[in-house]
């Protein structure tokens with residue numbers, strides 16, 4: 001019996017003057033059986049008409065757009081090159097693969113730092129001369145200088161709302177019913193598994209369950225910096241209060257009080273007055289984390305029943 005462990009896609013790649021890959025857009029990636037990883041350049045006649053019309057050089061940007069077919073033999077392997085990396089990011093944002101459903105390690109090492117503009121991606125070297133030429137076309141807006149572009153410039157998932165496109169990176173996984181407000185942020189290989197409200201930061205690797213609310217200014221620790229290796233997940237119907245923070249995983253129906261940052265090493269007072277480190281409660285359900293306003297101690301209490309209920313009108317996307 002065949003096993004779906006690979007992926008493939010026909011895309012358009014932007015090459016800089018030195019041949020480096022600035023980006024690759026895969027409009028219709030697909031999962032495949034395992035095979036041999038490779039990227040091949042396609043002739044104009046080998047791609048759909050709507051893509052063929054976009055192939056060619058842009059002398060103002062000093063770039064060339066080419067058609068490619070990329071095959072990933074196994075999603076368990078690390079990305080082999082920029083084409084491979086972009087295909088993986090598209091698989092996540094197209095919701096073909098959930099966060100941690102593929103190997104996202106090593107992406108930074110194969111991707112190029114790019115100047116992202118309203119006229120398309122540009123190389124950093126010589127950009128001021130490029131900017132001058134582009135100004136003949138109209139205003140030049142630089143969205144950022146980064147290795148990861150905005151998701152919506154490549155993938156617009158159905159059933160979601162994103163108030164600020166700059167706040168969601170390509171490679172984010174947004175389930176139908178998800179709303180990302182202006183101060184929300186979702187990194188790559190991270191996101192939601194169901195209808196969720198995102199007004200805080202979902203760092204790389206973090207997964208948020210159905211019906212949960214990441215409050216305004218709330219922060220969920222990731223693994224990209226600081227030497228952390230623990231991958232944090234939040235279960236269903238959880239609430240991270242405004243300006244709260246989380247460094248452990250939560251099960252279902254949990255609440256973290258507004259303004260409270262619970263790290264793995266935070267000492268937490270139990271209902272029986274014993275004190276434990278929060279990491280010992282990681283993954284538990286039906287808990288309320290709060291700070292005692294008199295003693296200042298962080299307390300955890302048991303909660304009965306299900307957690308929060310989202311406003312359905314805000315998630316009918």
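Along the chain as shown, residues are numbered 1 onward.
Heads up, the Cβ atoms here are built off N, Cα and C, so glycines get one too.
Look at residue 199 (active site, acyl-anhydride intermediate): DSSP puts it in coil. Counting only same-chain residues six or more apart in sequence, the Cβ atoms lying under 8 angstroms from the Cβ of residue 199 (active site, acyl-anhydride intermediate) belong to 181, 183, 184, 213, 214, 215, 216, 217, 218, 242. Sequence annotations record features per position, and here Swiss-Prot assigns active site, acyl-anhydride intermediate to 199 based on a curator's inference.
In the shown protein chains, 13 other C-beta atoms lie within 10 A of the C-beta of residue 166 (Mg(2+) 1 binding site). The Mg(2+) 1 binding site feature in Swiss-Prot is assigned to 166.
Look at Swiss-Prot and you will find 183 tagged as Mg(2+) 2 binding site. For residue 183 (Mg(2+) 2 binding site), the count of additional Cβ atoms within 10 Å of its Cβ stands at 16 [all protein chains shown]. Reduced to three states, the DSSP call for residue 183 (Mg(2+) 2 binding site) is coil.
Of all Cβ atoms in the shown protein chains, 17 besides its own fall within 10 Å of the Cβ of residue 257 (succinyl-CoA binding site). Positions annotated as succinyl-CoA binding site by Swiss-Prot, on the basis of experimental evidence: 201, 216, 219, 242, 257, 258, 265, 277, 290, 291, 292, 293.
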Cα-to-Cα gap, residue 257 (succinyl-CoA binding site) vs residue 166 (Mg(2+) 1 binding site), nearest whole Å: 28
Site extent for succinyl-CoA (largest Cα pair distance over 201, 216, 219, 242, 257, 258, 265, 277, 290, 291, 292, 293, Å): 26
Three-state secondary structure, which DSSP defines for residue 290 (succinyl-CoA binding site): strand
Residue, out of the binding-site residues 219, 292, whose Cβ gathers the largest set of other Cβ atoms within 10 Å: 219
Residue 265 (succinyl-CoA binding site): tally of other CB atoms within 10 A of its CB: 10
